[in-house]
Amino acid sequence: MSLYVNESFVKRSRNDAGNKVTVVLGAQWGDEGKGKVVDLLATEADVVCRCQGGNNAGHTVVVDGKEYDFHLLPSGIINSKSTSLIGNGVVIHLPGLFEEGDKNEKKGLKGWEKRLIVSDRAHLVFDFHQVVDGLQETERQAQEGKNIGTTKKGIGPAYSSKASRTGLRVCDLLADFKDFSMRFKNLVRQHQSMYPTLTVDVEDQLKKLKEYSERLRPMVRDGVYYMYEALHGSPKKILVEGANAALLDIDFGTYPFVTSSNCTVGGACTGLGIPPLNIGDVFGVSKAYTTRVGIGAFPTEQLNAVGELLQTRGHEVGVTTGRKRRCGWLDLVILRYAHMINGFTGIALTKLDILDVMDEIKVGVAYKVNGKRIPHFPANMDVLHKVEVEYESFPGWKTDTSAARKWNDLPAKAQNYIHFIENHIGVPIKWIGVGKSRECMIQMF
């Protein structure tokens, strides 16, 4: 027996762990330009995966002058040579998925349904989840005088159904429809008992779900087995596209003003069913300044001309919500915190060009509570609201950087700013973004 165990152990250690996946994650509060980085990497990728969130994410990708908007579809769907996978950790609103696909198809996205694979373990977001999302927000506003500022896409309520073990998954929809219908009706009743004003046309919903199920069926696979084969078959480039961001993570974000899933690196393992051993590069994406949508603490926020300038120059309006984003200086406390959790191997710094007109540029380097520096990022929101930010100041470069295509094209003062960020976080900056299109990403190594 011991000989057998020993022998198999030797075999394992000789055996290669398989292909590595590259993970792209937001390092701030979302809207950092992850889509652009994913898009760069997706041109080479064989498989592009989403592992968490739902259509509360919003990525805009510009290719050949055409703007595509993605919410649920991995942005790698643009690449006709790659396969896109929606993993088990994603919550899927089927009407949203097909509407998004059809809308992008009209813009020229061909054959997307043949390139998409959907995990049979992914949970479903129903229309009533979206209604409940709105009702909950109204209730929070009435009770506490403030809401969370959700996208009202039903993401939180769907993850609540999942956690309370009453949720329905893709595999349930594709199995016995009579059984599915019964469980769907129970789920509706459960929500109606909590929200008496909720009205649902159950038969109409089931009729639509039946139609969607037939359109969905050809795309559905066992996601765990699919990923295992992808990792252990021929060499493949596999990319994981994170939605939302570190400070919106259900565990590590500025709770309760967060999303309902893990948007940090652990979500890639649980949301796809892959071992940590297969995680390769982890790229964090950050703007050259900071933005936040909705409410919640924001230490470096600039409620002044600086904030307004960043908002207008940066066209800071949410892709998913159309809400104006709040703007402020770059906060390195946040980036260091995101790095502690994710272990970034490289950073993409986007929208550097937005700072081109500034006379002076500030960077938050530390938080003080009662005049004392704190080494960690505060968990408690009241504390975070009260922190005093310590800033480092830099002279602006006052030069247009939007035409820069390599490091040496950047003005010395911009290079200085970038080096400071790198040294402070302790992670190399791999890309610098100076504009909207693919060509505007300067690659450093």
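Sequential numbering from 1, following the chain as shown.
Here the Cβ of each residue, glycine as well, is placed from N, Cα and C on the backbone.
Unlike curated records, TrEMBL annotations are generated automatically.
What TrEMBL says about this one:
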type	residues	note
BINDING	30-36, 58-60, R325, 351-353, 433-435	GTP binding site
BINDING	D31, E32, G33, K34, N56, A57, G58, H59, T151, R165, N244, T259, R323	IMP binding site
BINDING	D31, G58	Mg(2+) binding site
ACT_SITE	D31	active site, proton acceptor
ACT_SITE	H59	active site, proton donor
ACT_SITE	K162	active site
BINDING	V319, T320, T321, G322, R323, K324, R325	substrate binding site
#### Entry: Residue from G58, K324, R325 whose C-alpha is spatially nearest that of L352 (GTP binding site), among the binding-site residues
R325
## Note on the structure
Using a 10 Å radius on the Cβ of G30 (GTP binding site), the other Cβ atoms enclosed count 29
### Query
Using Cα coordinates, what distance in whole Å links K36 (GTP binding site) and K324 (substrate binding site)?
21
### Query
About how far apart, in whole Å, are the alpha carbons (Cα) of G58 (IMP binding site) and K324 (substrate binding site)?
14
### Query
C-alpha of K324 (substrate binding site) to C-alpha of N244 (IMP binding site): distance in Å?
17
### Task
Return the single residue from the binding-site residues list (G33, G322) that has the minimum number of other CB atoms within 10 Å.
G322
### Task
Would you measure the largest Cα separation among D31, E32, G33, K34, N56, A57, G58, H59, T151, R165, N244, T259, R323 for the IMP site and round it to whole Å?
34
### Task
Measure from the Cα of N244 (IMP binding site) to the Cα of every one of the recorded positions G33, T60, K162, G322, R325, then give the nearest.
G33
### Query
Among the recorded positions K36, H59, K162, R325, which residue has the largest number of other Cβ atoms within 10 Å of its own Cβ?
K36
## Note on the structure
Sequence-ordered binding-site residues within 10 Å (Cα) of H59 (active site, proton donor), taken from D31, G33, G322, R325, V434, are D31, G33
### Task
Quick one: of the binding-site residues D31, G322, R323, R325, which has its CA closest to the CA of T60 (GTP binding site)?
D31
### Message
Between C-alpha atoms, which of these recorded positions comes nearest to R325 (substrate binding site): G30, N56, T151, K162, V434?
### Response
G30
## Note on the structure
Row D31 (IMP binding site), column other C-beta within 10 angstroms, all chains, value 27
### Query
Distance between V434 (GTP binding site) and G322 (substrate binding site) at the Cα atoms, whole Å?
23
